[in-house]
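*Asks:* Look at TrEMBL and you will find 137-167 tagged as region 'Disordered'. Here TrEMBL flags Glu257, Glu499 as active site, proton donor. If you look up TrEMBL, you'll see Asp390, Glu524 marked as active site. The disulfide bond feature in TrEMBL is assigned to Cys453-Cys485. Annotated Ca(2+) binding site per TrEMBL: Thr610, in sequence order.
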Amino acid sequence: MTTPALLPLSGRRLPPLNLGASAFPHHRATLRLAFITLCFGAFFFLPDSSKHKRFDLGLEDVLIPHVDTSKGGKNLGGFLIHGQGHDEHRHREEEERLRNKIRADHEKALEEAKEKLKKSRDEIQAEIQTEKNKVVQELKKKDSKPLPPVPLPNLIGINSGEPADPDIREKRNKVKEMMKHAWDNYRQYGWGHNELKPIARKGHSTNIFGNSQMGATIVDALDTLYIMGLHDEFREGQEWIDKNLDFSVNSEVSVFEVNIRFIGGLLAAYYLSGQEVFKIKAVQLAGKLLPAFNTPTGIPWAMVNLKSGVGRNWGWASAGSSILAEFGTLHMEFVHLSYLTGDPVYYNKVMHIRKLLQKMDRPNGLYPNYLNPRTGRWGQHHTSVGGLGDSFYEYLLKAWLMSDKMDMEARKMYDDAIEAIEKHLIRKSNGGLTFIGEWKNGHLERKMGHLTCFAGGMFALGADGSRDDKAGHYLQLGAEIAHTCHESYDRTTLKLGPEAFKFDGGVEAVAVRQNEKYYILRPEVIETYWYMWRFTHDPKYRQWGWEATQAIDKYCRVSGGFSGVKDVYSSSPTYDDVQQSFFLAETLKYLYLLFSNDDLLPLDNWVFNTEAHPLPVLHLANTTLSGNPAYR
Ligand code: DMJ
């Protein structure tokens, strides 16, 4: 595998450490931006005639539908290629006329482009935006067919949770204030961009979102704003989505990331607020992801171009493989899409993946992280409950929960997988800390990622309904993982957890390599505190959550928002200058829930996707959404 710096940012994968401005000299970025803006502007300001003519030039004139071959032309599949004599002369004249026209159009276009380029950058950008808005409006007219109505599931506990205890109320208000700070700064400096650079005070993006401004932070933050009662901010977000969120862009995005952040975010916003626009956008976007499944096996590509539908895999992933945590983290959203649209296509895609996985041999009962979508064979035998594997296991459990515990196939797959993981990956350190290692080429690496810490919450969530009535055991396992992950925070200077930590020799829950010492506002440890709190009400989880809240506010807060830090062991850490969208979607949401009463989004009625977007339990008789009109 390549170095983490080459990996895409998220998806429970090891992310690149954002090296900030020094890695990409500012002037180069500015020049490139200016160049792109000019090219984009120049295209928009070509006269309409030249834009269209590019595509029909010649075709009508050279290949004319004709069946009469008597004058010496050849009939090729219904098109006649013209021959000699009179026709040839006429043809030359016609060509000359076209050539002149192209020349004239071209000159006119250049003139117009030159004129436009004399304008200031702001003027050009404003004009581009106007053109884009027009296109968006056109598309909206085409795409806004109302979807068939379905009975909405029971939406319980979307406006509750106010704690009676004044101390807890104060903590909850503090988290809300932090959300406001993150949102307001994004609103001011990064609006419409995917993420925010809180120090440079401008927009930020990574390759997972493609090259387009898709407002990832807006979509990811909506449901957190909603449950916190930040309704004006929610409406601002809704308005932006309604007017600007456009998926007909020539942009190559991560299928997994777009699914968990955008489709998950839009669906949750729809269920919470009832606003149709979110459902319509989610369905439009899902349609754009479907071409990713056009592979010889039906295992989707990691990336897809939203416009052309062309897909491919990450260059670093074992011999062209797709990634378990990516193609295995679509189920929840896709079942909801089928439920809401009455169209089984989404359900069929994810069930096909499941069936294929069920048929495959698993080394030691473990799922390797890599699967080749061309051959249907496993790639490198590397198994992880952290980056590359994690949310696959999470979605097996959540598929069962989301089906009102009817999808026993998913539950069985989860139970089998967890048993193998416990046998081969979970160990106790010399100092008595339970950790989950990684299986690499036949040996156990005694290292655990921050991402892996989500598993504490997963074990607790899956305790009820576990095989052989081992509920107590799994709750205990969840508690042990929570404890280990808390230790990884507590053993740092900043009281914030490193990206990965070891259990080797004398080292216990501490990062060793410099490039594993960063904290990028990730949620997994807090996520586990929250689940453990819900299932045990042990006050230590609120205490640990409060420690993390204070540390984030002290060390990650800057006047322009919140930033990740590069070394949690340093007393004067430097910033990575990125406010990740999952900070608003997950970290702050889980903290808020931790200091709320359990009647806010109760776990009997809601299942959180891997980006913390709550989706309601579907009380279906079974998960057979394969076109049965009863489920429409
Ligand atoms: C989030 O995007 C999701 O939680 C994903 O499953 C894993 N990585 C990030 C947060 O760390």
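One-based numbering along the chain as shown.
A Cβ is built for glycine as well, from the same backbone N, Cα and C atoms used for every other residue.
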*Asks:* Relative to ligand 1, which of the recorded positions Glu257, Glu499, Thr610 have a Cβ found under 6 Å from one of its atoms?
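*Replies:* Among the recorded positions listed, those whose Cβ sits under 6 Å from ligand 1 are Thr610.
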*Asks:* Using DSSP with the three-state reduction, classify Glu257 (active site, proton donor) as helix, strand or coil.
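*Replies:* For Glu257 (active site, proton donor) - judged by DSSP and reduced to three states - the answer is helix.
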*Asks:* On a C-alpha basis, identify the one among Asp390, Glu499, Glu524 that is nearest to Glu257 (active site, proton donor); the candidates are the active-site residues.
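*Replies:* Considering only the listed active-site residues, the nearest one is Asp390.
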*Asks:* Around Cys453 (disulfide bond), how many other CB atoms lie within 10 A of its CB?
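*Replies:* I count 30 other Cβ atoms within 10 Å of it.
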*Asks:* Tell me, how many other CB atoms lie within 10 A of the CB of Thr610 (Ca(2+) binding site), whichever protein chain they belong to?
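*Replies:* Result for Thr610 (Ca(2+) binding site): 26 neighbouring Cβ atoms inside 10 Å.
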*Asks:* For the residue listed as 'Ca(2+) binding site', which of the recorded positions Asp390, Cys485, Glu499 has the nearest Cα in space?
*Replies:* Asp390
*Asks:* May I ask for the distance between Glu524 (active site) and Asp390 (active site), taken between their Cα atoms and rounded to an integer number of Å?
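*Replies:* Counting only the Cα atoms, the answer is 11 Å.
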*Asks:* Going by C-alpha positions, which of the recorded positions (Cys453, Cys485, Glu499) is nearest Asp390 (active site)?
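*Replies:* Minimum Cα distance from Asp390 (active site) across Cys453, Cys485, Glu499 lands on Cys453.
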*Asks:* Excluding near sequence neighbours, so keeping only residues 6 or more apart in the same chain, what lies with its CB under 8 A of Cys485 (disulfide bond)?
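*Replies:* His450, Cys453, Gly456, Gly497, Glu524, Val525, Thr528 - these are the non-local Cβ neighbours of Cys485 (disulfide bond), listed in sequence order.
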*Asks:* Would you find the one among the active-site residues Glu257, Glu499, Glu524 whose Cβ has the most company, meaning other Cβ atoms within 10 Å?
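*Replies:* Counting every other Cβ within 10 Å of each candidate, the maximum falls on Glu257.
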